[in-house]
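Remarks on the structure that follows.
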Amino acid sequence: MEIFLIDKIVLIVAVFGITLLFALYSTYAERKVAAFIQDRLGPNRAGAFGLLQPLADGVKFFLKEEFIPKHADKALFILGPSVSMTTALMTSAVIPWGNSLELFDRVISLQITDLNIGILYVFAVVSIGVYGIMIGGWASNNKFSLLGALRASSQMISYEIAMGLSIIALIMTTGTLSIGEIVQQQNAPILGISGASWNIIYQPLGFLIFLICAFAECNRTPFDLPESENELVGGYHTEYSSMKLGFFLFAEYTNMFISAAIMSSLYFGGYNFPFMDQLGLPHNLVTIMGTIFLFAKIVLFIFLFMWVRWTLPRFRYDQLMRMGWKMLIPLALINIIITGLLIIVLK
Amino acid sequence: MHSLSNRSKVVVNKEMTLKEKMYLPAIFGGMMITIKHFFKRKPTIQYPEQKREFSKVYRGRHILKRDEQGRENCTACGLCAVACPAEAISIVAAERKKGEEHLYREEKYAKTYEINMLRCIFCGLCEEACPKDAVYLTEELAPANFDRSNFIFGKDKLVQPIGTSAHPKTYKPYKK
């Protein structure tokens with residue numbers, strides 16, 4: 001039992017650290033990608049290639065004046081970013097970061113916990129994430145913050161429906177709610193290639209809907225209306241400063257990392273990679289390679305997030321709502337029907 | 001109305017086609033454009049380490065020339081001040097005394113020669129007007145300052161230091 005606990009604690013600390021590291025360097029990557037797309041070089045003064053820039057930014061966040069507006073609700077004002085950050089970090093618990101390692105005559109799973117309702121857990125935690133933004137916007141006692149918070153919450157609600165519906169079609173094909181099992185199933189051979197039966201092959205439309213909704217859930221462009229800086233100053237974080245602002249921004253990047261991980265796990269085979277069982281390599285090595293592949297997929301998704309951000313302008317609010325309710329939800333429903341019909345026909 | 005450039009487009013508020021409504025083809029097209037820029041060579045010049053070459057005809061801050069023997073060329077004729085469209089130049093002339101022949105080339109010289117760098121538009125007309133090869137515009141930028149009075153450059157800042165290259169056409173004192 002103690003050994004089990006030690007395993008889990010080590011894993012939790014590792015995942016926590018890696019998540020934060022990724023969020024930290026996402027800020028750097030974002031600036032670099034933005035710069036490169038705009039024919040600039042981006043930060044390159046702090047350290048080699050500007051690699052120490054995130055540390056400098058972090059130090060700056062800590063040293064900035066901590067300011068709480070006079071009319072703000074102090075308790076809620078502090079609670080807002082805390083909720084955002086906590087929920088952003090909680091989701092990583094159910095993501096399988098790798099298969100399993102055989103160490104000291106024991107099998108250690110690289111998933112912190114394989115909840116049998118893992119997907120529901122993810123959705124529940126992500127939904128709580130809106131509260132952080134909502135509370136922060138409300139507590140600021142500022143009309144711009146409140147508008148940003150309102151936009152965030154209504155946008156999240158609209159897109160969570162389509163996201164949930166696209167996941168239902170996926171669950172229909174996999175028959176399980178556990179993310180660990182869903183990833184395991186994608187190891188099945190297809191056309192003689194092991195580890196390649198990724199769900200994207202069975203659910204292309206579902207993935208597309210999920211991807212679009214993930215953009216909306218992360219408040220990324222073209223759906224970054226909650227913080228649209230040219231109409232709402234800064235949206236829900238207008239009144240925030242110092243590390244509390246840092247928490248909000250950090251939560252956004254953590255969310256991006258987590259949703260990239262979830263998309264890789266649900267649709268792109270997670271830690272599975274083609275020919276993984278046919279290489280004849282020892283199990284531990286394959287597991288480590290799988291983890292590396294998972295992180296490669298995550299990095300690609302994060303790059304996609306940034307690529308889209310620096311390509312597209314922001315949607316108008318009515319366009320956003322029309323797209324969510326009139327396009328994505330019907331499409332997701334059609335996807336469910338088609339999936340159901342195909343399951344009946346093929347079985 | 002007839003268009004002069006032939007590039008104007010009439011704005012119509014027409015219904016979007018299905019392809020446009022799906023957004024995705026347009027988004028994909030846009031992403032292809034941005035990824036092309038992602039891999040492009042960046043035109044950035046890393047300023048303190050790299051410096052952009054000035055054009056050969058660049059007109060920077062002024063210099064008052066000396067001749068080969070180190071005598072000031074300027075005779076305070078005032079043609080530069082007359083030519084100056086910004087009226088930035090003011091000159092007080094003085095007569096050369098006995099024993100000053102090694103300082104000034106001709107009998108008359110500029111006792112004060114001031115250029116107001118806040119007024120100057122660096123058009124180079126003073127250089128064009130000067131009959132004595134005295135005033136030239138170099139490649140140096142007029143430096144910034146906190147005080148307006150420091151922008152009035154007197155002879156202390158303008159006259160060419162003794163011992164530097166004398167030829168006015170090739171004289172680029174601030175180039176490394």
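Every residue gets a Cβ built from N, Cα and C, even glycine.
All annotation found in TrEMBL is predicted automatically rather than curated by experts.
When secondary structure is read from DSSP and collapsed to three states, B:Cys80 ([4Fe-4S] cluster 1 binding site) falls in the helix class. Residue environment of B:Cys80 ([4Fe-4S] cluster 1 binding site) contains 26 other Cβ atoms, counted within 10 Å of its Cβ in all protein chains. What TrEMBL records for B:Cys74, B:Cys77, B:Cys80, B:Cys130 is [4Fe-4S] cluster 1 binding site.
If you look up TrEMBL, you'll see B:Cys84, B:Cys120, B:Cys123, B:Cys126 marked as [4Fe-4S] cluster 2 binding site.
Per TrEMBL, domain '4Fe-4S ferredoxin-type' is recorded for B:65-94 (among others).
Across the domain '4Fe-4S ferredoxin-type' (B:111-140), the DSSP tally of helix, strand and coil residues reads 5 helix, 9 strand, 16 coil. Taken from TrEMBL, the feature domain '4Fe-4S ferredoxin-type' applies to B:111-140 (among others).
Below 8 angstroms of C-beta separation, residues 54, 58-65, 72-77, 79-94, 105, 148, 151-155, 158, 168, 171-175 of the same chain, each at least six residues beyond the ends of the domain '4Fe-4S ferredoxin-type' (B:111-140), sit close to that stretch. Close to the recorded [4Fe-4S] cluster 2 site, the chain also has B:Cys80, B:Ala83, B:Pro85, B:Ala86, B:Ala88, B:Ile89, B:Ile115, B:Ile121, B:Phe122, B:Gly124, B:Leu125: residues not among B:Cys84, B:Cys120, B:Cys123, B:Cys126 whose Cβ is within 8 Å of the site's Cβ mean position. Cβ neighbour count for B:Cys123 ([4Fe-4S] cluster 2 binding site): 15 (other Cβ atoms within 10 Å of its Cβ, all protein chains included). Its own atom aside, the Cβ of B:Cys126 ([4Fe-4S] cluster 2 binding site) has 24 Cβ atoms within 10 angstroms in the protein chains shown. Geometry remark: B:Cys123 ([4Fe-4S] cluster 2 binding site) versus B:Cys130 ([4Fe-4S] cluster 1 binding site), CA distance 14 Å.
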